[in-house]
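Quick notes on the structure that follows.
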Amino acid sequence: MASSSKGAAASLLCIKLVVCLCFLGSSQGRGTAKPPFTLRNLPPLEKASSFPAMRHDRYDYIIVGGGTAGCPLAATLSLKYKVLVLERGGSPYGNRNISYMENFHIGLSNTAPDSSSQAFVSTDGVINARARVLGGGTCINAGFYSRASSSFVQDVGWEEDLVNESYPWVEDKVVQWPKIAPWQAALRDGLVEAGVSPFNGYTYDHVSGTKVGGTIFDANGHRHTAADLLAAGDPNNMRVLLHASVHKIVFSSQQGRLRPRAIGVQFADEDGRLHQALLNNNKDSEIIVSSGAIGSPQLLLLSGIGPKNDLKNHNIPVVLHNKYVGKGMADNPMNSIFIPTKSPPRQSLIETVGITEAGVFIEASSGFGQSEESIHCHHGIMSAEIGQLSTVPPKQRSLELAREYAHNKLSLPKEVFQGGFILEKIDGPLSTGHLVLADTDVKNNPAVTFNYFSHPQDLSRCVYGIKTIEKILKTNSFAHLTPDDAGYEMERVLNMSVRANVNLIPKHTNTTESLEQFCKDTVITIWHYHGGCNVGKVVDQQHRVLGVSGLRVVDGSTFSRSPGTNPQATVMMMGRYFGVKILRERLGQAAGV
């Protein structure tokens, strides 16, 4: 036993030495002070009602959605061309629920009509959220920054050299290295002890083993978002309108033209007044939809591109029949385990990740359950934190139950929420579903089905992930976090009050069947949904919409699987990548970006 303890201690000492050496290294900007990126050139952020009714401005590019991809795309294109950005939400600046990590859960729980987070419930019963703010998902996510794997880049057919130029363009402006929190350090050490090795130090790269990734939160817990990237553009060439809800894309079908051409959009301002924004007459001018995996297929359908029978059912004139619009929707399923601790852990969002060879990712979060604000809100219903009614099978979940839980939560002892979470989620996934219109109001959510765990390989990966978490809990790295430094008695973890709304490891972890049922019953989301406008089915390799001209889609709706452990790095990079690609198409390599 003594030699075992010495071996574990030596292993932890080795990890700490590697951490130190990795952090001091120079790769990917480590150890070098990068000049601060300023927001001095941020364009004016105007209300949509300021759009001139009489002055007929026309644009080279109209970008629908100022989100994770839309902002870097707009900034890049504005260096040479006139760009209009139409964002349905408001500004992230001055909103403390967006700007500060400590308020992460409060922003997610806000269900007001103008909040930065819009809740939706998939037909599977999993409560989810989509961004409604300039900067998109980077304003409401957990902040973790990690690149896609090299195989993902190859599979989607992107130019590797341009990808490797586009990632650093983002990183130099909005990404930091975290000052790792104790809960994240415990996971890091526990992962390596449990065999998720090697430890790869601090890196943005997607490599098997355990690593510390980047974050868009700075040392003060202040969030940097994709909206900041607008400051890298030319403010004289860019106009950004907030609270601009695009109802549909306008097409011209002139006689003799082989295919419909996108020429503009119709949008409503914050007061409900309708406006029309138009492209100029240059043949290369385009509408670019960057409204996310929910908003982009929804807008194509509302504009008349999609399955003709579905469109006719909503009395939408058919511009182009394409049976694949809204198909191939997927969301990476996640299951989380609550770990009680002897003292309240410091708040932390994702900083450490274990990347297993089996296609399972292990991450952690802590400290958002026991604050006074947390006790009085139902953020857990919307986030990875308490588990969004995760002890209730998905088909039985509802927003009404969420509200009931929020009320009953007040009667629970504060100690019930004292602890952290270890999360497992799967790569891919292979299970897919679909999106259809619920009505023709763009402000309402469409009906989305993800079919979690319908593919057996997804389910087997989840079982592997739960078993890996069980191994981590048995390591020395977690023993000191428990009462009496005695480690975790599984009975205590298993028998915590179901009323606390935490999902617990099932009692019969030795049987695959019980773990499979646990995965199905406690599935939640970490907001990595994608698909609906897949390459080769809705858009071509250059992301031009098939069957029409003057229209592209640039965002995660084009992905058939989620990139890396967390997609925001690749989606921001994607905006820059396609911005440069488009400029080079028009200007050649002399584009100078």
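Note: Cβ is positioned from N, Cα and C throughout, glycine not excepted.
So that you can see what the record holds, here are the features copied from TrEMBL:
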{"type": "BINDING", "residues": "GLU87, ARG88, VAL133, VAL246, TRP527, HIS528, GLY556, PRO567, GLN568", "note": "FAD binding site"}
{"type": "DISULFID", "residues": "CYS462-CYS519", "note": "disulfide bond"}
{"type": "DOMAIN", "residues": "131-154", "note": "domain 'Glucose-methanol-choline oxidoreductase N-terminal'"}
{"type": "DOMAIN", "residues": "292-306", "note": "domain 'Glucose-methanol-choline oxidoreductase N-terminal'"}
{"type": "SIGNAL", "residues": "1-29", "note": "signal peptide"}
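Taking the features listed in TrEMBL, we show where each one sits on the structure.
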| residue | record | Cβ within 10 Å |
| --- | --- | --- |
| GLU87 | FAD binding site | 31 |
| VAL133 | FAD binding site | 28 |
| CYS462 | disulfide bond | 27 |
| CYS519 | disulfide bond | 24 |
| TRP527 | FAD binding site | 25 |
| GLY556 | FAD binding site | 29 |
| GLN568 | FAD binding site | 29 |
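Put simply, CYS462 (disulfide bond) is 36 Å from GLU87 (FAD binding site) when counted between their Cα atoms.
Taking the C-alpha positions, the distance from CYS519 (disulfide bond) to TRP527 (FAD binding site) comes to 17 Å. Our reading of the FAD binding annotation (GLU87, ARG88, VAL133, VAL246, TRP527, HIS528, GLY556, PRO567, GLN568) yields a largest Cα to Cα distance of 25 angstrom. According to DSSP, the secondary structure content of the domain 'Glucose-methanol-choline oxidoreductase N-terminal' (292-306) in residues is 11 helix, 2 strand, 2 coil.
When the C-alpha distances from CYS462 (disulfide bond) to the binding-site residues VAL133, TRP527, GLY556, GLN568 are tabulated, the minimum falls on TRP527.
Restricting the average to the domain 'Glucose-methanol-choline oxidoreductase N-terminal' (131-154) gives a pLDDT of 97.
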